[in-house]
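First up is the structure itself, then whatever we jot down about it.
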């Protein structure tokens with residue numbers, strides 16, 4: 001107990017050097033704790049903005065770094081009384097200031113450890129509850145049970161349920177009203193402009209109230225304030241927050257007036273910024289329509305239709321339109337099942353009864369093969385995406401997605417390969433073609449399905465070069481519907497064979513491992529050399545497609561196969577479904593910009609390495625690994641965490657996340673762009689307001705240690721110099737930049753589907769929940785409110801959203817089906833409940849973990865025996 005006696009000295013003024021190590025260690029620990037707070041709690045502020053693609057991740061980090069630093073430096077004076085008023089009564093440690101210093105150091109360590117663990121797991125936890133739990137463990141371990149404010153502990157336990165429920169109700173109410181009044185109206189953008197000043201006023205009012213009632217700047221006036229115990233204290237000079245408490249009516253009027261002034265200024269700025277985005281989107285739409293002309297049936301008639309290859313699908317709505325058929329989800333499923341069964345039966349019949357003999361087009365208009373890589377021409381892909389015979393169908397909610405049926409896709413590829421086989425057996429080889437038509441036994445025509453694989457694998461399947469048949473005549477350019485009119489006519493022996501639109505897709509899926517045989521010098525000198533090379537490549541692709549119709553092996557490039565050991569090739573080989581992607585380079589700034597998209601408007605997220613292998617990009621090793629110092633520096637910069645594509649990562653980590661991201665109701669694109677500007681303003685003001693409280697959680701214990709060390713007593717007021725506040729703000733900004741993407745991905749991508757309109761409702765609901773409960777006097781966690789509001793908005797998704805364009809007009813003489821619109825109040829399938837359950841459990845563990853770690857560290861530091869010289 002000798003150590004306890006030494007730590008129980010009534011004052012530190014006599015020997016401050018003995019406790020200098022506590023101040024030094026506390027400074028380092030304060031930096032790490034602030035780093036973890038920035039990566040967790042500050043990330044919640046911009047999670048909905050990044051999740052909705054209103055701003056990219058790097059822009060959110062840059063904005064938060066500036067706003068957090070400014071807010072912590074100017075408004076971070078709240079650390080003065082934050083620790084004193086939360087959970088610990090400092091008056092108990094008036095006679096033992098050294099114990100207070102040791103306990104605060106242990107509290108920083110305990111809270112920091114839990115926050116780093118939560119950041120690693122991507123769990124959004126309350127940093128306020130972390131530091132409160134650490135202080136609770138310190139108070140209990142010190143033996144001063146009366147130092148703990150148990151009323152605050154009871155409020156915290158109740159807030160685990162009250163905060164998410166209240167924020168969910170607020171966010172859901174705002175979103176439902178916004179959806180009914182604006183998003184589902186006939187002219188949503190015009191209505192959004194009319195409601196703009198109301199939205200901005202609701203944002204600025206919460207910020208103004210915080211600025212007036214939580215401001216710790218001092219005024220040269222006197223004020224009286226009632227403190228704990230019923231005593232009234234006189235303060236001169238008086239802080240703005242204390243003056244506001246003493247003159248609540250006047251302070252509220254000032255807050256309203258300040259909010260009106262901010263609304264006028266910010267509304268003008270937001271209006272210009274929002275319509276800059278809208279006009280940019282319209283210009284891109286015009287350029288896209290000029291560069292990629294489509295049929296009139298494929299083009300959208302309104303601004304809500306997405307550009308080709310974009311992420312936005314056709315908007316869906318629960319509002320039925322007159323004269324349009326609105327089948328339900330069950331009817332849609334039955335209709336799609338019937339179409340699928342009919343298509344499979346037709347494919348089987350064609351396999352058993354092949355079509356008449358025809359020859360493949362020598363120009364290979366629908367298939368382009370070069371150096372072992374196959375790709376489909378753009379008109380073919382567009383036709384495949386829009387044709388009724390394509391392999392794409394509508395899901396139960398109406399979005400156009402690829403058919404994932406393994407059986408259907410396998411049979412489709414087998415059908416395409418069979419069609420290619422029947423076309424290729426007569427390809428420009430007149431002896432074989434004519435002999436097969438005459439029934440010559442030397443050239444047997446293998447028609448049966450069982451002999452199809454044998455034909456492809458046999459050496460005789462290759463077509464020998466031969467001179468053109470005398471009966472062949474040059475064909476006109478109009479003979480092939482896919483050939484551009486400007487191309488010259490090319491002679492062929494027979495009429496072009498009809499090739500299914502998915503034949504290029506089948507061949508492209510096997511191009512990485514179905515490398516066509518090299519062209520010999522003899523073949524290259526003959527006129528049929530190029531034609532034979534194209535046909536051999538097609539047969540090689542069909543062979544691999546028949547052997548493995550659904551999956552393609554991502555093996556190393558054939559030219560570099562010898563450089564890779566066989567064991568490594570076998571270990572690194574993976575099976576994946578390859579579809580011909582198209583990288584979209586133009587998109588609104590940080591808004592709905594997919595990583596890789598398809599012409600059928602579906603999405604697939606592929607890493608750069610897999611994409612390079614699947615497309616056979618042929619990038620040299622010098623480009624992959626830059627040798628110059630500038631190239632290495634640029635590559636290192638692009639690999640930083642703030643350039644991560646969290647949407648792609650979240651969708652590939654969990655299939656449920658991908659379903660949530662594609663199954664939500666889609667609103668007008670321009671209206672969403674308009675709300676993205678409002679969402680950025682809301683996130684910025686929330687970042688400034690939260691920076692003061694977040695700084696208090698990290699700087700508060702360190703400020704207490706520094707004040708006790710400088711004054712030598714624990715009863716003095718805790719100071720907070722500006723340089724300490726600046727230090728805390730910079731530390732939080734660095735933590736957000738390096739580790740904040742984990743929590744942003746959890747809340748903004750993996751929990752529910754977030755768009756700008758939804759994200760704005762979430763932020764507004766969370767802000768008003770904190771404001772109302774703070775006015776009542778009930779402490780809440782901003783993290784709990786943010787997550788609760790996110791879940792509440794997600795629950796408002798309709799179960800079966802339908803396309804806004806409907807299924808077409810009702811046929812003449814047919815009565816439209818009268819069916820009630822089904823818009824359920826709550827849709828539990830639109831929330832990732834497994835993830836939310838883990839987040840809720842982490843909220844409960846927060847206080848327990850921090851308290852146990854802090855109590856263990858303090859017990860070891862204060863009560864462990866030590867050697868005395």
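Backbone N, Cα and C atoms are what each Cβ position is placed from, and that goes for glycine too.
Per Swiss-Prot, these features apply:
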type: TOPO_DOM; residues: 1-18; note: topological domain 'Extracellular'
type: TRANSMEM; residues: 19-39; note: transmembrane segment
type: TOPO_DOM; residues: 40-54; note: topological domain 'Cytoplasmic'
type: TRANSMEM; residues: 55-75; note: transmembrane segment
type: TOPO_DOM; residues: 76-97; note: topological domain 'Extracellular'
type: TRANSMEM; residues: 98-118; note: transmembrane segment
type: TRANSMEM; residues: 121-141; note: transmembrane segment
type: TOPO_DOM; residues: 142-154; note: topological domain 'Extracellular'
type: TRANSMEM; residues: 155-175; note: transmembrane segment
type: TOPO_DOM; residues: 176-196; note: topological domain 'Cytoplasmic'
type: TRANSMEM; residues: 197-217; note: transmembrane segment
type: TOPO_DOM; residues: 218-250; note: topological domain 'Extracellular'
type: TRANSMEM; residues: 251-271; note: transmembrane segment
type: TOPO_DOM; residues: 272-720; note: topological domain 'Cytoplasmic'
type: REGION; residues: 286-312; note: region 'Disordered'
type: REGION; residues: 374-401; note: region 'Disordered'
type: REGION; residues: 453-571; note: region 'Disordered'
type: COMPBIAS; residues: 457-481; note: compositional bias 'Low complexity'
type: COMPBIAS; residues: 482-491; note: compositional bias 'Pro residues'
type: COMPBIAS; residues: 492-509; note: compositional bias 'Low complexity'
type: COMPBIAS; residues: 556-571; note: compositional bias 'Basic and acidic residues'
type: TRANSMEM; residues: 721-741; note: transmembrane segment
type: TOPO_DOM; residues: 742-759; note: topological domain 'Extracellular'
type: TRANSMEM; residues: 760-780; note: transmembrane segment
type: TOPO_DOM; residues: 781-837; note: topological domain 'Cytoplasmic'
type: TRANSMEM; residues: 838-858; note: transmembrane segment
type: TOPO_DOM; residues: 859-869; note: topological domain 'Extracellular'
Helix, strand and coil counts within the topological domain 'Extracellular' (742-759) (DSSP):
13 helix, 0 strand, 5 coil
Are the transmembrane segment (55-75) and the transmembrane segment (760-780) close enough that 3 or more Cβ pairs fall under 8 Å, when only pairs 6 or more apart in sequence count?
no
Taking a Cβ cut-off under 8 Å, which residues six or more beyond the ends of the transmembrane segment (838-858) line up next to it in the same chain?
102-103, 106-107, 109-111, 113-114, 117-118, 121, 123-126, 129-138, 140-142, 156, 160, 164, 746, 784, 787
Region pair the transmembrane segment (721-741) / the transmembrane segment (19-39), three or more CB pairs under 8 Å:
yes
Going through 19-39, 98-118, 155-175, 197-217 one by one, which has the most CB pairs that fall under 8 Å from the transmembrane segment (251-271)?
197-217
So what's the mean pLDDT when you look at the topological domain 'Extracellular' (742-759)?
92
Under the DSSP assignment, what numbers of helix, strand and coil residues are found in the topological domain 'Cytoplasmic' (40-54)?
12 helix, 0 strand, 3 coil
State the residues, same chain only, that lie 6 or more residues beyond the ends of the topological domain 'Cytoplasmic' (176-196) and have a CB under 8 A from a CB inside it; answer 'none' if no residue qualifies.
267, 270-271, 274, 278, 303, 317-319, 667-668, 670-671, 674-675, 678, 757, 760-761, 796
Report, as numbers and ranges, which residues of the same chain sit near the transmembrane segment (121-141): CB under 8 Å and 6 or more residues beyond its ends.
36-37, 40-41, 43-44, 47, 83, 86-88, 103-104, 106-108, 110-111, 114-115, 147-148, 152-153, 156, 693-694, 697-698, 700-701, 742-743, 745-747, 779, 781-784, 786-787, 838-839, 842-843, 846-856, 858-859, 862
Which sequence-distant residues neighbour the transmembrane segment (98-118)? Criterion: at least 6 residues beyond either end, Cβ under 8 Å.
6-9, 12, 19, 22, 25-26, 29-30, 32-33, 36-37, 39-40, 90, 124-125, 127, 130-131, 133-135, 137-139, 141-142, 697-698, 701-702, 704-705, 708-709, 714, 842, 846, 849-854, 857-858, 861-862
